[in-house]
Amino acid sequence: MTTNYIFVTGGVVSSLGKGIAAASLAAILEARGLNVTIMKLDPYINVDPGTMSPTQHGEVFVTEDGAETDLDLGHYERFIRTKMTRRNNFTTGRIYSEVLRKERRGDYLGATIQVIPHITNAIKERIIEGGEGHDVVLVEIGGTVGDIESLPFLEAIRQMAVDVGREHTLYMHLTLVPYLAAAGEVKTKPTQHSVKELLSIGIQPDVLICRSDRAVPANERAKIALFCNVPEKAVISLKDVDSIYKIPGLLKSQGLDDYICKRFSLTCPEANLAEWEQVLYEESNPGGEVTIGMIGKYVELPDAYKSVIEALKHGGLKNRLTVNIKLIDSQDVETRGEEMLKGLDAILIPGGFGYRGVEGKVLAARYAREHNIPYLGICLGMQVALMEFARNVAGMENANSTEFVPDCKYPVVALITEWRDEDGNVEVRTEESDLGGTMRVGGQQCHLTEGSLVRQMYGEPTIVERHRHRYEVNNMLLKQIEAAGLRVAGRSADNKLVEIIELPNHPWFVACQFHPEFTSTPRDGHPLFAGFVKAAGEYQKRQVK
């Protein structure tokens with residue numbers, strides 16, 4: 001099988017939407033029956049985004065095989081059926097660390113290590129490895145053309161045309177075409193200069209995607225084609241839209257997929273976008289709306305919760321409801337109390353690390369429990385729900401997590417190495433013991449309890465969901481909590497770790513240790529989010545009555 005490569009770069013400014021554009025094009029090519037995947041190459045020096053601040057970088061997207069990756073991989077999985085893996089994302093930091101490790105081992109036989117060829121060769125090897133077995137691989141280069149950090153990546157993709165053949169490579173450049181109100185027209189000069197910058201590196205773009213707040217007129221597209229040496233039919237206008245799921249249709253309507261298939265000499269049927277048309281129909285024809293409060297600590301940057309926000313919208317699609325998401329700082333809940341939570345149809349507490357704002361989340365979980373408001377807790381959201389229930393229902397005063405209070409009397413959440421039984425004996429771990437409690441990352445099996453609400457929603461006894469956490473429910477204190485009325489609705493494959501809890505005497509109170517948002521898609525949704533949004537709609541109806 002010959003793999004074809006589409007390299008996606010951005011110019012003029014950052015945040016133009018390269019990831020969405022690449023994912024949308026991939027969706028069209030997939031709809032034509034092609035086997036497609038997408039890669040993201042990040043120029044920053046961090047080895048991966050796992051330890052980066054969510055308020056700077058946005059969320060960390062976790063793949064099925066346990067890689068901590070860029071949030072763009074979430075967009076990729078929401079647009080195409082191919083599951084991302086650790087092969088689909090790498091950084092400058094990872095490339096340099098691998099090259100330096102080889103140098104220390106003597107693999108280069110004493111050669112002087114340089115950006116060209118050693119770093120660029122390592123990048124190319126990764127790209128080829130990630131594209132194995134696919135008809136088309138789209139490779140998004142992070143950052144903007146002209147950034148110092150991205151130069152090795154741009155040089156590597158320039159060399160790819162030589163290595164695999166120009167007939168199997170295509171360069172797609174996203175650029176800004178701003179509209180100047182004073183002049184009453186769009187301006188093409190920034191695009192011309194961006195392409196000039198790309199040409200200076202040795203890359204002639206084959207396709208230009210022109211981002212603007214309005215459709216770029218045909219005469220301006222012709223001008224861009226002339227000055228940038230690109231066929232007019234390969235200059236694509238991509239205007240701002242109210243739904244990202246309209247973009248596949250926009251690109252297809254301008255013949256981008258036909259142009260690419262001809263360029264690669266691919267024979268395949270026309271794209272059938274019926275599934276995307278159904279998504280748009282559901283989105284534009286809601287039967288009502290609900291307001292869901294998300295209580296978090298990184299709310300100043302919504303991208304920190306990108307997958308959760310999208311999953312809530314998907315839940316709305318499955319229920320024909322518009323979901324209005326109210327982002328609430330958990331510290332504000334601590335200081336201002338329940339007034340921050342009034343008027344909500346449901347409450348969601350997502351994952352997070354660190355003590356800041358935790359007591360606000362505990363208060364929100366209590367408010368949802370006591371007022372019969374639908375509640376969904378994810379990761380830390382499950383842990384604070386457990387802490388709240390232990391304190392206020394199970395009689396465990398000041399119950400906490402050892403992440404926040406290491407010497408608390410009732411550590412209902414702890415590392416496995418900190419679990420103590422009634423006699424004070426520490427849980428013993430061996431090399432064969434479960435790895436939970438260090439950092440569980442990636443897809444894990446979960447057995448659902450017969451008769452539970454979540455078993456009913458999933459419709460199957462065993463599921464696989466993705467984790468990213470260190471702390472677990474403390475089994476040593478679980479009996480007392482269960483006796484007070486809490487149900488364990490899901491356990492790990494070996495039945496040792498609590499994965500899901502729910503309250504049988506509450507209309508809809510579910511919390512999970514895993515991250516269901518990472519497997520939600522607009523076409524399929526996710527059982528937990530669909531059930532949660534449905535419960536929000538039912539709560540709203542009860543309040544009206």
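Cβ coordinates come from backbone N, Cα and C, glycine included.
Marked as region 'Amidoligase domain' by Swiss-Prot on the basis of sequence analysis: 1-266.
Cβ neighbour count for THR191 (CTP binding site) (all protein chains, 10 Å cutoff from its Cβ): 28. Here Swiss-Prot flags SER14, ASP147, ILE148, GLU149, LYS187, THR188, LYS189, PRO190, THR191, GLN192, LYS223 as CTP binding site.
Sequence annotations record features per position, and here Swiss-Prot assigns UTP binding site to SER14, LYS187, THR188, LYS189, PRO190, THR191, GLN192, LYS223 based on sequence analysis. The Cβ of SER14 (CTP binding site) has GLY143, THR144 as same-chain neighbours under 8 Å, each 6 or more residues away in sequence.
Long-range Cβ neighbours of ASP72 (ATP binding site) (same chain, at least 6 residues apart, Cβ-Cβ under 8 Å): LYS18, GLY19, ALA23, LYS40, PHE61, GLU140. Summarising the annotation, Swiss-Prot assigns ATP binding site to SER15, LEU16, GLY17, LYS18, GLY19, ILE20, ASP72, LYS239, ASP240, VAL241 and lists sequence analysis as the type of evidence.
Under the three-state DSSP scheme, GLU140 (Mg(2+) binding site) falls in the strand class. For ASP72, GLU140, the entry in Swiss-Prot reads Mg(2+) binding site, with the evidence type sequence analysis.
Per Swiss-Prot, domain 'Glutamine amidotransferase type-1' is recorded for 291-542.
When secondary structure is read from DSSP and collapsed to three states, MET382 (L-glutamine binding site) falls in the helix class. Residues or ranges marked as L-glutamine binding site by Swiss-Prot: GLY352, LEU380, GLY381, MET382, GLN383, GLU403, ARG470.
Residues or ranges marked as active site, nucleophile by Swiss-Prot on the basis of sequence analysis: CYS379. Contacts of CYS379 (active site, nucleophile) defined by a Cβ separation under 8 A and a same-chain sequence distance of 6+ are given as PRO350, GLY351, GLY352, ARG468, HIS469, CYS512, GLN513, PHE514, HIS515, in order along the sequence.
As annotated by Swiss-Prot, active site applies to HIS515 (among others), with the evidence given as sequence analysis.
Secondary structure from DSSP puts GLU517 (active site) in a helix. Long-range C-beta contacts of GLU517 (active site), restricted to its own chain and to partners at least six residues apart, with a cutoff below 8 Å, comprise SER307, VAL308, GLU310, ALA311, PRO350, ILE378, HIS526, PHE529. What Swiss-Prot records for GLU517 (among others) is active site.
In the three-state DSSP scheme, SER15 (ATP binding site) is classed as coil. Counting other Cβ atoms within 10 Å of each Cβ, the recorded positions LYS187, LYS189, LYS223, HIS515 show the lowest value at LYS189. The shortest Cα-Cα distance from ARG470 (L-glutamine binding site) to any of the binding-site residues (ILE148, THR188, PRO190, THR191, ASP240) is found for ILE148. Closest to GLU403 (L-glutamine binding site) by Cα-Cα distance, out of the binding-site residues GLY17, ILE148, PRO190, THR191, GLN192, is GLY17.
Here the CA atom of LEU380 (L-glutamine binding site) lies 48 Å from the CA atom of LYS187 (CTP binding site). Among the binding-site residues ILE148, LEU380, MET382, the residue whose Cβ has the fewest other Cβ atoms within 10 Å is ILE148. Neighbour counts of Cβ atoms within 10 Å were taken for the binding-site residues ASP240, GLN383, ARG470; the minimum is at ASP240.
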